[in-house]
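**Q** Have a look at this one.
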């Protein structure tokens with residue numbers, strides 16, 4: 001049986017030296033996203049896509065805005081979802097994503113992001129696609145991400 005899920009996340013950006021993380025990779029020294037955790041909108045969208053495909057709720061249920069998750073690295077969220085939701089139950093066939101951001105040029109970071117996500121999820125980077133878009137100035141000081149995943153239930 002095949003399952004498909006879609007995820008979305010968006011965060012405002014602010015100019016500072018904390019750095020912006022997308023897909024677990026620092027993509028900017030000049031900006032950071034405003035969020036409860038580290039604000040990694042790409043990982044948040046992927047987590048929601050996986051949770052949607054498995055009918056397992058959403059990122060807010062699994063990782064609520066509480067003290068335990070304040071400033072937490074989103075890579076940890078993805079690792080937990082891999083272990084608790086995917087392991088032995090589902091195989092990731094494909095993840096496709098679109099990052100819409102005007103302030104940061106993403107093309108130089110795409111391969112590192114694909115490698116990082118592949119390593120966390122235990123899959124080939126060939127199963128992960130990341131498409132950056134500028135948004136043609138419509139999105140200003142923000143980052144928005146859409147992600148879709150296709151899973152195959154193990155043993156079917």
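Including glycine, each Cβ sits where the backbone N, Cα and C put it.
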**Q** Please state which member of 36, 44 Swiss-Prot lists alongside 9, 11 for binding divalent metal cation.
**A** 44
**Q** Going by C-alpha positions, which of the recorded positions (36, 58, 59, 134) is nearest residue 44 (divalent metal cation binding site)?
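**A** Considering only the listed recorded positions, the nearest one is 59.
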**Q** For 11, 44, listed as binding-site residues, tell me which one has the smallest number of other Cβ atoms within 10 Å.
**A** 11
**Q** Just to confirm: which same-chain residues, 6+ apart in sequence, have a Cβ under 8 Å from the Cβ of residue 58 (4-CDP-2-C-methyl-D-erythritol 2-phosphate binding site)?
**A** 48, 51, 52
**Q** Taking the Cα atoms as reference points, how far is residue 10 (4-CDP-2-C-methyl-D-erythritol 2-phosphate binding site) from residue 134 (site 'Transition state stabilizer') in Å?
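**A** Cα to Cα, residue 10 (4-CDP-2-C-methyl-D-erythritol 2-phosphate binding site) and residue 134 (site 'Transition state stabilizer') are separated by 14 Å.
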**Q** Distance check, please: Cα of residue 59 (4-CDP-2-C-methyl-D-erythritol 2-phosphate binding site) against Cα of residue 134 (site 'Transition state stabilizer'), rounded to an integer number of angstrom.
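**A** Residue 59 (4-CDP-2-C-methyl-D-erythritol 2-phosphate binding site) to residue 134 (site 'Transition state stabilizer'), Cα-Cα distance: 26 Å.
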**Q** Determine, to the nearest whole angstrom, how far the Cα atom of residue 36 (4-CDP-2-C-methyl-D-erythritol 2-phosphate binding site) is from the Cα atom of residue 134 (site 'Transition state stabilizer').
**A** 25
